[in-house]
Amino acid sequence: MELNTIEWKKDTLVLLDQTKLPNDIVYVEVQTVEKVWDAIHTMIVRGAPAIGVTAAYGVYVAIQHFEGSVTAAKEEVQKQVQYLATSRPTAVNLFWALERMEQKALQIDTNDLEMFQDILLQEAIAIHTEDIEINRSIGEHLLTLLEDGQGVLTHCNAGALATTKYGTATSPFYLAKERGMSFKVFADETRPRFQGAMLTSFELFNAGIDVTLITDNMAATVMAQGKVQGVIVGCDRVAANGDVANKIGTLGVAILAKYYNIPFYVATPTPTIDLHCPTGADIPIEERSVDEVLKPTGQYVAPADVKVYNPSFDVTPAALITAIVTEKGIIEHPTEEKVRAIFN
Ligand SMILES: CSC[C@H]1O[C@H](OP(=O)(O)O)[C@H](O)[C@@H]1O
């Protein structure tokens, strides 16, 4: 069953509604910039790279039916870029994509509105197609760090559903299957939104990849039992010094990996590296609704009025990271100097 996280089809943005998985496969047409904002904010589409690609299309959707001068259209682009930037705060891919679309718009030298609109659409499509190659390349680099048959633990969903194909952390699993290799993947459920259970175990099982779902409190056990020889996670923003913001719970897994001397890899598209962000302490961490914790599947699992703290991400310091694995290469034992060098 081929699932498309994001599609540009018949001049319309179509998103797989990830809030309905794994029970229902529902695609939604997103035809206004407000609905693009809502799709990102409510996590119909989620995952740093997928958020970036969706935002890029969102900029085009905002002026798709615009009427007026190109100058006015450019002003509208700038206004809607600012609006889309408020949809979620942590994944830097959102801001990277919006900045790229805005710069493209401002550089277009034409008074022909249709030409202006088409050039912007082509830029969004380019961001979309580039994501596929980035993910495949990350997978190739990760495969050089792994051995066929190893147990690999992953947290949250940095899979095909978080991107446009392959995923980032899951890319080596898909490439391995194409080549007759196989890893034993352990996907933890990843409360409170259960991306590991609802998305990662779903997409890998659907792809015929060996995946075992574990609860969030089992990472230490599978490591202690020698079932895990590597950890691969995604990321939402990498600071210039190599600190990484990723789904809440990542820090705990990194600490356990350090204790059990298990390599901890962060699969990182370079658009997720924010050189303007000096350290992990400077990364804005999204806090989401208390209802995500109180009633994760609709029924209360705690008193309705109890206090809840629900940061959606945490920060793993560079010292706990064995390597940041990008499409451009591997940054072993990341430091600011090494992170900046990947762009040279
Ligand atoms: C390659 S996806 C990166 C990242 O995004 C996920 O967060 P969310 O599901 O809230 O968008 C998770 O942190 C993944 O690791």
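From the backbone N, Cα and C atoms, a Cβ is placed for every residue, glycine too.
TrEMBL: automatically predicted annotations, no manual curation.
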Substrate site partner of ARG46, GLY47, ALA48, GLN195, ASN246, LYS247 (as recorded in TrEMBL), chosen from ARG88, ARG100:
ARG88
Of ARG88, ASN246, LYS247, listed as binding-site residues, which ones have a Cβ less than 6 Å away from ligand 1?
ASN246, LYS247
Reduced to three states, what secondary structure does DSSP give GLN195 (substrate binding site)?
helix
How long is the line from the C-alpha of ARG88 (substrate binding site) to the C-alpha of ASP236 (active site, proton donor), rounded to the nearest angstrom?
11
Env. residues of substrate site, Cβ within 8 Å of mean position of ARG46, GLY47, ALA48, ARG88, GLN195, ASN246, LYS247 Cβ:
ILE51, ALA91, CYS156, ASN157, ALA158, ALA162, GLY234, ASP236, SER312, PHE313
Cβ neighbour count (within 10 Å, all chains shown) around ARG88 (substrate binding site):
22
